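Positions annotated as domain 'Acyl-CoA oxidase/dehydrogenase middle' by TrEMBL: 155-264. What TrEMBL records for T159, G198 is FAD binding site. Marked as domain 'Acyl-CoA oxidase C-alpha1' by TrEMBL: 302-466. Residues or ranges marked as active site, proton acceptor in TrEMBL: E451. For 550-605, the entry in TrEMBL reads domain 'Acyl-CoA oxidase C-terminal'.
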Amino acid sequence: MAPLSEGGTDALLPDLPKGPLQAYRARASFCWRELVLFLEGEDVLRLKKAIFSALENDPLFARSHGEDLSLEKYRELSFLRCKRVMEYSLLPVEEMVARPLSVQTLIACLGMYDWSLAVKFLLHMLTFGSAIYSSGSERHLKYLPKIFNMDIFGCFAVTELSHGSNAKAIRTTAHYDPATEEFIIHSPDFEAAKFWVGNMGKTATHAVVFAQLYTPGGQCHGLHSFVVQIRNTKTLLPMPGVMVGDIGKKLGLNGVDNGFAMFHKVRIPRQDLLNRTGDVTPEGTYITPFKDDRQRFGASLGTLSFGRVAIVGMSIVNLKLALSIALRFSATRCQFGPSDGEEVPVLEYQTQQWRLLPYLAAAYALDHFSKSLFLDLAELQQGLMGTDQGARQAELGREIHALASAGKPLASWTAQRGIQECREACGGHGYLAVNRLGDLRNDNDPNCTYEGDNNILLQQTSSYLLSLLACHVQGGARFESPLRTVDFLQAYPDILGQRFTCPSVDSCLDSSVPLAAYEWLVCYLLRESYQKLNQEKRSGSNDFEARNNSQLKDDAVALVDVIAPPDFVLDSPIGRADGELYKNLWTAVLLESRVLERPSWWSEFSVHKPRIGSLKSKL
């Protein structure tokens, strides 16, 4: 293991403060500094040091414990902090490209401080900016300086009021008009309104909007992305034909202004189609470098996967924070002990160890997976930026999509359950707001939902595996993928023929044992699912019916009618007795959102153009 450069130890990894935790540190079987260096590397440690020092030494980021900020004030502060982070230029573009993991490090460090800040920065700089960079072409590079200077502020608009996880069914349309060489972006009704879009509520001026692309003659070419200006960059008032607003207060992440938008025949230049995977000529002819829609969609999955891959990392950071709090608490909180002796730290009790240590192990394992997946996604995007647009790129996109669709549920659910366990393991002190476990739980909660509901995403991964098995059974195709994550399935029959054997308890500790058991389980579940689906199809069911015919459901609504109170008491737009889900939700959001208003603080910020430093005294 390489040592830190001379003089670097004290600067990057200073001694930890002396105190009650010293006894446990002295008993450790390894040097914590060496493990940090092994896992992170000196470059990452220096970046972390720079980020944390910048935040700690800037009054704009001063903690305000005990002060409940209003929703408007919190969002103002998040926007100003986001702008300040951009001004610091902590991570130049060339470094992002050369060292992709530095991007994940920056987001993690900002998230450790405040996830509203991190998400706001992520959505503008990486989700919006990365979509333009990786899905666009040379003609879109003009947007990048404006993104870095925050001359424009961006968001990523996929989800609609009535469609989230089922991205292919999105109903926003983009019809091409060859007479003017423009696309006409349109929301057919309020259910097609873009919804839950981060940064759209108050601050975004531009959006990457996903819509169904139609060429003259009415042919639909599927989902494509477009750069659409939604607000005036000087006044923040909506552009003509755009109705945009804020969806209101959430359970967490309230420094992020999630919003909605409807488009009424909004015209944008033809060049604002992000054309990496498909383009339209001035005359209206659709062209694509991919042989078929499956390959094109597979390549485009990299853009959709970015958010899910980012959430894997965000969830692990939350778990790390919760464990840091709970285990340090457990090592110093003393309760009970020998009748004639001193009380002992609760960490000494096996029940506390069983509650927390498995999550500590999971944090280390999932952290490695998160970094590996992030690098795989970077490889995909770099390939798309070059000339590699063949079948392998499409298959790599599908594989990463499947991994992200499984990884996000695994990471976010593990973090959510782990944070709750940490909260309970800290007893009443864990319920105290100042100790942050409640905020971590609330801010992590949406990771289980946005960028695709976890249960739905798992079905997308299973569909990927079932399609591979079908090709293998029907045509003899090999189980193989660019990242080799499914290559073990080539031994599918042999694996199913294996039986568990372990000569001793010690041999069970070998990592190959649980890995072999996991491979057998995957093969078994894959075989059973494949056989069940085929059985249903043979009985006349289509694919959709075959997947859903076993659900316990006809009596559910009537049983709820028995226990539900009147609507006035239940007080939930999505749970009203009339069942008008989207109508009630849309009405509630419109009542809460002042659609045509801009943030109250924007006029001062935009007209007088003060430096952020001059606003510190007003926060």
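Cβ from N, Cα, C; glycine included.
The Cβ of E451 (active site, proton acceptor) lies under 8 Å from the Cβ of G307, R308, I311, K408, each of these being in the same chain and 6 or more residues away along the sequence. Residue counts of the domain 'Acyl-CoA oxidase/dehydrogenase middle' (155-264) by helix, strand and coil are 6 helix, 52 strand, 52 coil (DSSP-based). Cβ-based neighbour count (10 Å, all protein chains) for G198 (FAD binding site) stands at 26.
If you take every residue in the domain 'Acyl-CoA oxidase C-alpha1' (302-466) and average the pLDDT, you get 90. T159 (FAD binding site) is surrounded by 22 other CB atoms, counting those within 10 A of its CB over all protein chains shown.
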